[in-house]
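Enquirer: First the structure, then my questions, so here it is.
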Amino acid sequence: MGLYPLIWLSLAACTAWGYPSSPPVVNTVKGKVLGKYVNLEGFTQPVAVFLGVPFAKPPLGSLRFAPPQPAEPWSFVKNTTSYPPMCSQDAVGGQVLSELFTNRKENIPLQFSEDCLYLNIYTPADLTKNSRLPVMVWIHGGGLVVGGASTYDGLALSAHENVVVVTIQYRLGIWGFFSTGDEHSRGNWGHLDQVAALRWVQDNIANFGGNPGSVTIFGESAGGFSVSVLVLSPLAKNLFHRAISESGVSLTAALITTDVKPIAGLVATLSGCKTTTSAVMVHCLRQKTEDELLETSLKLNLFKLDLLGNPKESYPFLPTVIDGVVLPKAPEEILAEKSFSTVPYIVGINKQEFGWIIPTLMGYPLAEGKLDQKTANSLLWKSYPTLKISENMIPVVAEKYLGGTDDLTKKKDLFQDLMADVVFGVPSVIVSRSHRDAGASTYMYEFEYRPSFVSAMRPKAVIGDHGDEIFSVFGSPFLKDGASEEETNLSKMVMKFWANFARNGNPNGGGLPHWPEYDQKEGYLKIGASTQAAQRLKDKEVSFWAELRAKESAQRPSHREHVEL
């Protein structure tokens with residue numbers, strides 16, 4: 001056959017279908033990793049995918065309730081082609097959230113483990129060249145208690161926008177946020193994991209075709225909250241250059257606390273540990289198996305509305321703590337002092353954040369579609385752990401939101417608006433204003449669209465529910481079947497906005513509706529079937545809540561309780 005035909009054959013093998021002839025192998029600081037090439041329909045250049053790349057040592061044994069340590073080096077080529085286990089969590093809750101939020105066609109089989117500090121990488125770069133593509137690091141949501149990286153497939157965003165997408169995991173629940181409020185277990189382990197993942201990106205992403213000098217962190221819900229915490233944290237300074245918080249910011253009262261003792265005591269007691277001292281609790285909890293801690297976790301009834309107990313003694317979240325390390329002070333103090341990373345920042349909310357998914361998961365009794373004033377008042381008080389509204393202010397709040405109508409269906413809708421404003425809308429505007437006032441480029445959006453991929457159980461009237469923008473951000477119409485042209489175009493536009501922002505710190509670009517910067521005029525973008533600029537998002541609501549919180553503070557005895565908004 002001669003030599004030349006053989007060379008031509010091997011070249012043909014390289015270039016047919018755009019696949020290189022052998023799977024990608026990349027050097028990391030700790031050792032080589034083997035990935036796989038995946039093609040997206042309509043693209044000749046495949047995306048190299050690496051799944052389950054370790055960014056820290058497994059946080060087991062004495063490393064439980066301890067800062068993450070660097071991974072041990074390896075001398076072989078590590079196979080990183082299968083999904084890593086998600087961090088320990090309630091398997092049912094994790095499964096439900098993953099199925100509701102995934103942009104994939106098929107649900108991936110879920111596994112859970114305390115050994116979970118892994119990330120996934122999607123890179124469209126030609127790995128033989130020294131590409132320096134923008135990097136987008138995704139932090140998943142799930143109330144800091146459930147969720148995982150692999151629910152979100154970065155393939156479409158990576159291929160369409162020529163960016164490196166990294167999805168990271170971090171410890172959750174007891175494992176991620178158990179705190180005694182002192183040196184024995186400071187807490188915020190999950191946030192320290194996020195910082196460790198960003199450090200790993202700085203040290204390694206160049207070999208995957210990414211630019212460590214252009215890293216955007218983005219996340220949704222507790223992921224958006226985490227992004228907002230990292231913007232405020234001195235530990236994350238210079239580890240990223242732009243940030244996007246979708247439906248969650250550092251002033252989300254439910255997810256942050258100064259008062260950790262009662263939660264620590266509850267976790268210890270439910271685990272059969274003595275609570276005599278912090279050291280005793282931590283030592284005992286470190287001896288528990290993963291399954292035993294999971295049992296404790298299930299008893300905590302995390303992310304559930306407690307309709308029976310005293311709202312002031314109900315702890316449906318294992319929150320971030322003001323620990324003096326990740327957060328030197330309370331977020332509102334850091335914001336007021338303007339002592340944070342003034343990177344370009346996109347902050348957004350969805351039109352109906354409390355539309356269906358959150359009330360359903362938390363067990364709010366709203367299914368019959370009606371709500372009277374008395375029940376609304378009771379639900380608001382039962383929601384104290386989430387809203388932090390003092391009991392004597394509840395009638396004022398209920399009257400303001402629900403008082404204008406006798407229609408019980410309308411009252412239910414207004415109650416959902418109230419919940420959305422307190423948890424998402426008002427904190428998002430306050431954070432955006434603080435960011436703007438510190439001199440950082442800031443952009444706001446409100447997302448209003450009903451994806452075709454959502455659960456059939458969801459009422460038709462819910463448009464722009466919590467999490468709905470994820471389908472657009474991660475290009476679901478290019479991975480799942482059945483999207484209309486309108487939905488496909490919406491996803492193209494949103495991916496373009498997000499990636500332009502990752503590239504330039506500004507979402508605007510050719511062929512896109514103009515997105516005004518959030519300045520003193522408070523222009524923002526309404527994103528949906530028709531996308532257009534508007535002004536002063538939640539302006540009246542922010543004023544109402546600011547007045548209410550001021551009254552609350554004035555009435556409170558001198559013992560200061562941590563208050564948001």
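The first residue you see is number 1, and the count goes up from there.
Note: Cβ is positioned from N, Cα and C throughout, glycine not excepted.
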Enquirer: Write down the residue from LYS32, LYS351, LYS382, LYS492 that Swiss-Prot flags as N6-succinyllysine.
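Expert: Going through LYS32, LYS351, LYS382, LYS492 one by one, Swiss-Prot annotates LYS382 as N6-succinyllysine.
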Enquirer: Which stretch does Swiss-Prot mark as motif 'Prevents secretion from ER', out of 26-29, 214-217, 446-449, 562-565?
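Expert: It is 562-565 that Swiss-Prot describes as motif 'Prevents secretion from ER'.
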Enquirer: In the predicted model, what is the mean pLDDT computed over the motif 'Prevents secretion from ER' (562-565)?
Expert: 47
Enquirer: Considering the recorded positions LYS382, HIS466, which residue's Cβ sits among the greatest number of other Cβ atoms within 10 Å?
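Expert: Per the Cβ count, the most surrounded site is HIS466.
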Enquirer: Can you tell me the CA-to-CA distance separating CYS284 (disulfide bond) and CYS87 (disulfide bond), as a whole number of Å?
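Expert: Checking the Cα atoms of CYS284 (disulfide bond) and CYS87 (disulfide bond) gives a distance of 21 Å.
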Enquirer: Using a 10 Å cut-off on CB atoms, tell me which of the disulfide-bonded residues CYS87, CYS116, CYS273, CYS284 is the least crowded.
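Expert: Taking CYS87, CYS116, CYS273, CYS284 as the disulfide-bonded residues, the minimal 10 Å Cβ count falls on CYS284.
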Enquirer: Rounded to the nearest Å, what's the C-alpha distance separating SER221 (active site, acyl-ester intermediate) and HIS466 (active site, charge relay system)? Just drop the number here, would you?
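Expert: The separation of the Cα atoms works out to 8 Å.
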Enquirer: Between CYS116 (disulfide bond) and HIS466 (active site, charge relay system), what is the CA-CA distance rounded to a whole number of Å?
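Expert: On Cα coordinates alone, these residues lie 26 Å apart.
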Enquirer: Tell me the Cβ neighbour count for SER221 (active site, acyl-ester intermediate), meaning other Cβ atoms within 10 Å of its Cβ, over all protein chains shown.
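Expert: There are 29 such Cβ atoms around SER221 (active site, acyl-ester intermediate).
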